Amino acid sequence: MTAFWTEPDFDDHELVQLVHDRASGLTAIIALHSTHLGPGAGGTRFWHYPEPKDAIRDVLRLSRGMSYKNAMAGLPMGGGKAVILADKDPSKTPEILSAFGDAVDALDGRYVTAEDVGISEADMVAVSQRTRFVSGLPVSGEDAAGGDPGPFTAMGIYHGIKAAVQHKLGKDSVENVHVAIQGIGSVGGGVARLLAHDGAKLTLSDINEDRAKALASELDGEFAAPDAIMGVQCDVFSPNALGAILDDEGIARLDAPIVAGGANNQLARQGHGQMLADRGILYAPDYVINAGGIISVAMEYLCKKDGTPCDINEVRKRIAQIPGRLEEIWQESDSSGVSSDAVADRMAQKLIGR
Ligand code: NAD
């Protein structure tokens, strides 16, 4: 059997820690890809993985993605991520969250955690009882930055979609631009509302079909079944559910000139970015366009550490810089012929000294 540190996904991680706490039943993996720019920051995912190797692969890919995301967002943070391995019938107990908080605390600030799929703001409050290396905690007051990162991620994707529409279609507005959204949870739902406000034409899909139908009707959009959304003829396909959907089959089904959405690790493997480019599809690298949430999380953490109030306008200002970064990547891609994901990877690797 090959050692997992020889696997491509390992990619020179600084630390991969398996945490097991018999008393609470916690099994978790904490991965720190790079602390070159600062403490590794990235959320915790609570998920049932059929095989332990799936959890290892997921945490390694997500952690490297956080290194790239934080670097490209101009944050003084490195990349890290944690997964808590849930049972088939997941039960998230206070004891599991406390034991996880202790594990984060033992790393003494090398890793800063926050919400990810399956983890709520309330869960982070529970973790924060055991460690101060946590962010994404509830905030009071409209002008305070922080809290649930989902709406900030949605805001960045909305800006990114507008930039993609300008770059690829030459349009200054998304009015009447048709966007098909896969997944209308915290991020996808927020993107849908922002686009609807600007008069975009929406097709929405979610495995929670009732929720998608209700939002489609509220926003004057259409509903598409989960197995049909990737083939919808539209201007922008926006993936906001889970990763690895851009594989051979998924890319062949696309009928859109732009892919721009918030899901992490959208490309099933590296070559799929080139496959999109070969089909003439403009791709917004996921970790660049979906950085809004980590910008908020990082600003909240850094302000708390310094004891200064965190201004939401500073967070908004940084999120508004996402389109400029995407434009830089697309221009470099257009002039070099290198696919946009590979251009972004090279930029990020340079920033983290690799
Ligand atoms: P969420 O759990 O609130 O929403 C995900 C939605 O996708 C749910 O409504 C779910 O029913 C739906 N879904 C799952 N599988 C689907 C499928 N096959 N087809 C259609 N819908 C499906 O999660 P979220 O916070 O909105 O995150 C969405 C994605 O964005 C994830 O990949 C996450 O890692 C990524 N992301 C989130 C943030 C954030 O701030 N929340 C930041 C960066 C990246």
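Each Cβ is built from the backbone N, Cα and C atoms, and glycine gets one as well.
The model shown is predicted, which means the values in this text are computed figures rather than measured ones.
Classification of LYS81 (active site, proton donor/acceptor) by DSSP places it within a strand. Cβ neighbour count for LYS81 (active site, proton donor/acceptor): 29 (other Cβ atoms within 10 Å of its Cβ, all protein chains included). Marked as active site, proton donor/acceptor by TrEMBL: LYS81.
According to TrEMBL, the feature NAD(+) binding site maps to GLY183, ILE184, GLY185, SER186, VAL187, GLY188. The Cβ of SER186 (NAD(+) binding site) lies under 8 Å from the Cβ of ASP148, GLY150, PRO151, THR153, ALA154, each of these being in the same chain and 6 or more residues away along the sequence.
When other Cβ atoms within 10 Å of the Cβ of GLY183 (NAD(+) binding site) are tallied across all protein chains shown, the result is 26.
Cβ neighbour count for GLY188 (NAD(+) binding site): 28 (other Cβ atoms within 10 Å of its Cβ, all protein chains included). Cα of ILE184 (NAD(+) binding site) to Cα of LYS81 (active site, proton donor/acceptor): a span of 23 Å. The recorded positions near ligand 1, defined by a Cβ under 6 Å from one of its atoms, are GLY183, GLY185, VAL187, chosen from LYS81, GLY183, GLY185, VAL187.
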